[in-house]
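According to TrEMBL:
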- 12-32: transmembrane segment (TRANSMEM)
- 53-75: transmembrane segment (TRANSMEM)
- 81-100: transmembrane segment (TRANSMEM)
- 107-127: transmembrane segment (TRANSMEM)
- 147-166: transmembrane segment (TRANSMEM)
- 173-198: transmembrane segment (TRANSMEM)
- 210-231: transmembrane segment (TRANSMEM)
- 243-263: transmembrane segment (TRANSMEM)
- 275-292: transmembrane segment (TRANSMEM)
């Protein structure tokens, strides 16, 4: 399949985004360690990292990554851009291995290879970006019955989960928080893509910010992002990150692809074999992501607090037996 120029631009931006975001985690961690050596650690409520240049370099790198990701949606379909977000995990894991001396277990290497293989499969068979000349075309797609039904169902599910389920089961069921984040995330990507296309057309000389629809999408992006970040923070605070991250990635990516299929109909011009290859690539990335997250601590020595706790547990029965 011959890739279009827009797809190549979107692919380049998506991979740059993953490189920047993956690197930012490592750079910020180095900054946090240096700041912790000088003052109170961030985990203990300290803010000394705000005076550490490396931490700010990490923040700038992350912002550059998010900007590149935003721009990628203006050139390539979400089917191509969204799954490639998993590549940031590879950049982070490899850099952490060399910079932070966090050992990358053999299973972690296999996970990286799976992510790369899956990404190649998606890239080689990704659909071409739909040509859009104005915000009115995007609005026409967004007001089709299929996408209106999807949006209403997504919003209704989110409201039901927030007002009826979160208070009773949110602290016990991880999927409650992740479902809210993923449903909002799918609408965020749809709106981000619309705004990104509006910016691209505006820079080309056709101002799209004269349309109220453009500002509508900007408002949707703002609201969805705030809700998404709020409940993602709650999920990370309540459950194991090694489980939250891959599950959120899978659910978010699936719902985002479904939403884009309904609205932009990216797969309409593709053969069944191409669609099947993309799905296989996505499943391969999912497998690699789970493997990377589940094995990321293998090969690393446990933290001192955990060692002390384990030693205390081992010594407790001995002291009880000696006293008896």
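Note that Cβ sites are derived from N, Cα and C of the backbone, with glycine treated the same way.
Just so it is clear, the model here is predicted, and its values are computed rather than measured.
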Positions whose Cβ lies under 8 angstroms from the transmembrane segment (173-198), at least six residues beyond its ends: 70-71, 73-74, 78, 82, 132, 135, 138, 142, 151, 154-155, 157-158, 161-162, 165-166, 208-209, 214, 217-218, 220-221, 224-225, 227-228, 231-232, 234-235, 238-239, 243-244, 247-248, 251-252, 254-256, 258-260, 263
Maximum Cβ pairs under 8 Å to the transmembrane segment (107-127) - stretch from the list 12-32, 53-75, 147-166, 210-231, 275-292: 275-292
Remote residues contacting the transmembrane segment (243-263) - C-beta distance under 8 A, at least 6 residues beyond either end: 77-79, 82-83, 85-86, 141-142, 144, 146-147, 150, 154, 174-175, 178-179, 181-183, 185-187, 189-190, 193, 232, 235-236, 282, 286, 289-290, 293-294
For the transmembrane segment (275-292), distant same-chain residues with Cβ under 8 A (at least six beyond the ends): 79, 83, 86, 89-90, 93, 107-108, 110-122, 124-126, 245-246, 249-250, 253, 257, 267
Same-chain residues at least 6 beyond the ends of the transmembrane segment (81-100) whose Cβ lies under 8 Å from its Cβ atoms: 10-11, 14-15, 17-19, 21-23, 25-26, 29-30, 65, 69, 72-73, 108, 112, 115-116, 118-119, 122-123, 189, 249, 252-253, 256-257, 281-282, 285, 288-289, 292-293, 296
